[in-house]
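Some notes on the structure that comes next.
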């Protein structure tokens, strides 16, 4: 059975929701470096303050999502994916709206604060819950292909968003992004059906009906249940990570691969701005090259390759080319390195039961968030130092080389990983 044959009518609403949400968030990426530089260091192409502030923000966001991501995943197991998806979909609109209104220094700092606080809850949450939604509705066989399509939708949104930015003014970019983010939240509310594993154990947080006093959840009436008591403890997370050797190894791969990904994202734009005087349009061009290759790969090649060679081998291929990825010269390597994340998510989803998909995806996302926090602390000072006149030796791309080493560590671990048989899933109708 192919992924296209299974509950496609339900998944296409999820795909559309995620496309709109990703389009809105991705289209501002090429512009945000120019906004930050003009607000903090107007008229300059190198600014250590901008690099440090961005690194500090990313570290705080990573620490916040380290706590909130497992919580949101676990809550989605209990109360349904749709209700929890509404949280990031709605809150994401606020920082976009601030810069849509004004991009002066004062409003930049307002945006900076709101974006930091909101991203501590929302950064990556939508994708984490979306992967759990896909796992709810697709059996093990075609699940890697379904995760690839899910990631391909994100890549397509990335291409469309950055390409749109290429032809819009900076002010109009944020206005369009805020509008599309609002449309994504409305579309989710109206069209997406919820995905609840076990109706006897779960009720939506937002319900149109009245709950019976006799309804029980784990021995308690629904009205007595406090959502934040479902927060997984550190012991629960460690137990989940140790539940199988495959899960443990996948967690290590997730940490190092995301350490490299976040490090590259945080360093490369300031490097290109300082050394090659890139602007919004050139950033968009670079992202479109990478995004087009990734979209084609995930939507066309991954559904074919995943069943043929296995997601574990495909994961290693993706991580190998991730380590070799550099701007322009190897931007087309993204046709291969985009395999890594959906393969890793699929492997993890098969190591837990159907009622723990949100917890498992949240656990991996939490580790990715930890990498998000560590990465700027490690690489932002290196980037700022080697782009400044105080560098101990002339090597402007030194931090990027270190990021490549981190990526290769994840590749080595993936080669050593042995995938256990999947946990038996629930029977799909």
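A Cβ is built for glycine as well, from the same backbone N, Cα and C atoms used for every other residue.
Keep in mind it's a predicted model, so treat the numbers as computed, not measured.
Segment annotation: TrEMBL labels transmembrane segment over residues 284-306 (candidates 284-306, 353-375).
When TrEMBL is compared with the stretches 9-33, 109-133, the one noted as transmembrane segment is 109-133.
Remote same-chain partners of the transmembrane segment (172-192), defined as residues 6 or more beyond its termini with a Cβ less than 8 Å from a stretch Cβ, comprise 13-14, 16-17, 20-21, 23-25, 27-28, 31, 82, 85-86, 89-90, 92-93, 96-97, 99-100, 103, 161, 164-165. Of the recorded ranges 49-72, 145-165, 247-272, 393-412, the transmembrane segment (109-133) has the largest number of C-beta contacts under 8 angstroms with 49-72. Counting only same-chain residues 6+ beyond the ends of the transmembrane segment (393-412), those with a CB under 8 A from a CB of the stretch are 252-253, 255-257, 259-261, 263-264, 267-268, 271, 274-275, 316, 319-320, 322-326, 378-379, 382-383, 386-387.
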